[in-house]
Amino acid sequence: MKCFAQIVVLLLVIAFSHGAVITGVCDRDAQCGSGTCCAASAFSRNIRFCVPLGNNGEECHPASHKVPYNGKRLSSLCPCNTGLTCSKSGEKSQCS
């Protein structure tokens with residue numbers, strides 16, 4: 001049982017270490033793969049995940065920074081994929 005507790009503590013330390021990227025959790029775009037950005041969680045701006053860039057017809061944020069962005073994104077939406085723009089469509093914006 002003591003060994004199990006030590007393993008759990010070790011995994012928690014690794015998961016919350018600065019710069020650790022586990023299961024898509026990130027801090028900056030550079031930690032994500034091609035075609036993705038490091039977007040804020042819709043539930044907490046302190047948690048960010050690697051999210052795919054927007055495709056045609058998908059929701060976007062018109063003021064989103066280009067990829068790669070060196071700062072921390074505040075939006076839960078990535079910018080549109082190459083060749084697409086984020087345009088207002090009704091009350092929401094979409095990649096087109």
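Backbone N, Cα and C atoms are what each Cβ position is placed from, and that goes for glycine too.
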Candidates CYS32, CYS37, CYS38, CYS50 - disulfide partner of CYS78 as recorded in Swiss-Prot: CYS37
According to Swiss-Prot, the disulfide-paired cysteine of CYS60 among CYS32, CYS38, CYS86: CYS86
Disulphide pairing with CYS32 per Swiss-Prot - partner from CYS3, CYS50: CYS50
Of CYS37, CYS50, CYS95 (the disulfide-bonded residues), the residue whose Cβ has the fewest other Cβ atoms within 10 Å: CYS50
Candidate disulfide-bonded residues CYS26, CYS50, CYS60, CYS86, pick with smallest Cα gap to CYS37 (disulfide bond): CYS50
